[in-house]
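**Student:** Straight from Swiss-Prot, here's the annotation block:
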type: BINDING; residues: Arg45, Tyr179, Lys185, Arg305; note: substrate binding site
type: BINDING; residues: Lys185, His204, Asp241; note: Mn(2+) binding site
type: BINDING; residues: Lys185, His204, Gly220, Leu221, Ser222, Gly223, Thr224, Gly225, Lys226, Thr227, Thr228, Glu269, Arg305, Thr431; note: ATP binding site
Amino acid sequence: MTQANNAVYTDISAAQLVEEAIRRGEGELAANGSLVVRTGHRTGRSPVDRFIVEEPSTKDAIAWGNINRPFPADKFDALWARVEAFNNAQDHFVSHVHVGSAEAYYLPVKMTTATAWQNLFGRCLFIEPEQYNPAGKDEWQVLNVANFECVPERDGTNSDGCVILNFAQKKVLIAGMRYAGEMKKAMFSVQNFLLPERDVLPMHCAANIGEAGDVTLFFGLSGTGKTTLSADESRYLIGDDEHGWGEGVVFNVEGGCYAKCIDLSEKNEPVIWKAIKFGAVLENVVLDEERVPNYADDSLTQNSRAAYPLEHVEKRSEKNLGGEPNAVIFLTCDLTGVLPPVSILNNEQAAYHFLSGYTALVGSTEMGSGGGIKSTFSTCFGAPFFPRPAGVYAELLIKRIKAFGSKVYLVNTGWTGGGYGVGKRFNIPTTRGVIAAIQSGALIGAETEHLDIINLDVPKVVPGVETNLLNPRNTWADKAAYDEAAKGLAKQFIENFKKFEVSDAIKAAGPQL
């Protein structure tokens, strides 16, 4: 540890970071040993405050628009200098971590934060290597100064906070942001831009591995079940959110998990429950007077979170990676109650549904989405994090699926028996039954039934799952109402898909009217 007038705490232990956070009034200890913090008025990501510096390497390679907003290079340099000078005048924390577990694909990152707790968060979520940057790669810098306030008129930002990626300089600037998920997603976006150049598909998915070495991927937006379903006591966890798929390997981009905590229970999510202990960070979780977390309390936000390192998960892949996936699962939370609990997809359907990314925003991670639930289409099941045009990722996915022979499934973790407010949400044990059947190989070559309007094939039998749930039309009391809802959903799919320039075979793989 180096001390100066303004102390710089470099690569100190997790215990020391917890100590510093409490000493500075950044958070408090919960009864389970975790550090509990509040993130202020931002309790989720702030997409309107995220920018990418426009320069020669990015100018023609990025899908510019509302998600990827351009930022002038000169404005970035001025703001970086301003934030860095501000931070150098106060105590701060530095850690050296990797982003990407596979030797060939890691990025070395110098992470500087103004708060001890955000440094601990980064240490939970990124990878603490035994040896830092053994290959001597160019270093990335993350500068995360939560107590700096941007001035839009002066700095060119949208508000008092910003997240700006600069690929030319290998820098990520985060200012005025207390919600630590911004740091994790910023580095994910960096890898999502860089990995396709190496013929690696970056994915917003969870991954786990069975005793036999079989790997399953779970794609899905926040709240669809990635973290919950991949945390399976019978399998080894690779990771819960960000992975790369290259020839012969699926590897975690991270070294930890970022689990939603709302209504967390030991019964339904034992792996996550046990992982929340000393060294973990709880964001925006309410404690009772005994300091016991009340996970049902959403008075601060629906998007309460736990960050913990993979070492807190007993059954995990020691190397943070596995082989190529036998099963690829697209998780969708369907609010309409139209989609079946499981559909078996061919390659064209896989491309169609990957590009569509249909789901719901459930207890959304984005600011301004409120507690309301609404349907959305999020390309690649993670549009906010993929800087290149969607076709780049879709082509890589199909290339990988074809080369390895992965089987692809669409799994609905949303509503059945009617839409939101009428039907009910599939319970976790039912969805776990579907996943277990997929992983056992029981659905390979299974007899299927074709559902016309939504153009999906559903297995007639899924071991461990009630047969009457498999065809969603059967679960609706009013069959005509189901048909109308199915047509309505098909229209949404068709309308959304107009923006993609793809082959007729892929277009024909979606819902038809």
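Cβ from N, Cα, C; glycine included.
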**Student:** Excluding Lys185, His204, Asp241, which residues of the same chain place their Cβ within 8 Å of the centroid of the Cβ atoms of the recorded Mn(2+) site?
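**Tutor:** So the extra residues in range turn out to be Lys184, Phe188, Glu242, Gly382, Phe385.
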**Student:** Closest to Asp241 (Mn(2+) binding site): which of the binding-site residues Ser222, Lys226, Thr228, Arg305, going by Cα position?
**Tutor:** Lys226
**Student:** In which DSSP state, out of helix, strand and coil, do we find Ser222 (ATP binding site)?
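**Tutor:** Ser222 (ATP binding site) sits in coil per DSSP, no helix or strand.
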**Student:** Going by C-alpha distance, which of the binding-site residues Gly220, Ser222, Thr224, Lys226, Thr228 is nearest to Arg45 (substrate binding site)?
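**Tutor:** Closest by Cα distance to Arg45 (substrate binding site) among the binding-site residues Gly220, Ser222, Thr224, Lys226, Thr228: Ser222.
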**Student:** Please report the number of other Cβ atoms within 10 Å of the Cβ of Lys185 (substrate binding site).
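**Tutor:** There are 24 of them.
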**Student:** Taking only the Cα atoms, work out how far Lys226 (ATP binding site) lies from Lys185 (substrate binding site), in Å, as a whole number.
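**Tutor:** Taking the Cα atoms only, Lys226 (ATP binding site) lies 16 Å from Lys185 (substrate binding site).
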**Student:** Which of the three DSSP-derived classes (helix, strand, coil) applies to His204 (Mn(2+) binding site)?
**Tutor:** strand
**Student:** Sorted by position, what residues of the same chain at least six away from Gly220 (ATP binding site) have a C-beta under 8 A from it?
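**Tutor:** Result: His204, Cys205, Ala206, Lys226, Phe330, Leu331, Thr332, Cys333, Thr359, Phe381, Thr413.
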**Student:** For Arg45, Lys226, listed as binding-site residues, tell me which one has the smallest number of other Cβ atoms within 10 Å.
**Tutor:** Arg45
**Student:** Taking only same-chain residues 6+ apart in sequence, whose CB is under 8 Å from that of Thr228 (ATP binding site), what do you get?
**Tutor:** Ala259, Asn268, Glu269, Ile272, Ile428
**Student:** Work out how many Å separate Ser222 (ATP binding site) and Arg305 (substrate binding site) at their Cα atoms, rounded off.
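**Tutor:** Between the Cα atoms of Ser222 (ATP binding site) and Arg305 (substrate binding site), the distance comes to 11 Å.
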**Student:** For Asp241 (Mn(2+) binding site), what is the secondary structure state per DSSP, taken as helix, strand or coil?
**Tutor:** coil
**Student:** Measure from the Cα of Thr224 (ATP binding site) to the Cα of every one of the binding-site residues Tyr179, Lys185, Arg305, then give the nearest.
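**Tutor:** If we rank Tyr179, Lys185, Arg305 by Cα distance to Thr224 (ATP binding site), first place goes to Arg305.
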**Student:** Tell me the Cβ contacts of Tyr179 (substrate binding site) under 8 Å, same chain only and six or more apart in sequence, or just say none.
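**Tutor:** Result: Thr39, Gly40, Arg42, Thr43, Gly44, Arg45, Ser46, Glu283.
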**Student:** Any same-chain residues 6+ apart from Arg305 (substrate binding site) with CB under 8 Å of its CB? Would you list them in sequence order, or say none?
**Tutor:** Gly181, Tyr258, Ala259, Lys260, Cys261, Leu282, Glu283, Asn284, Val285
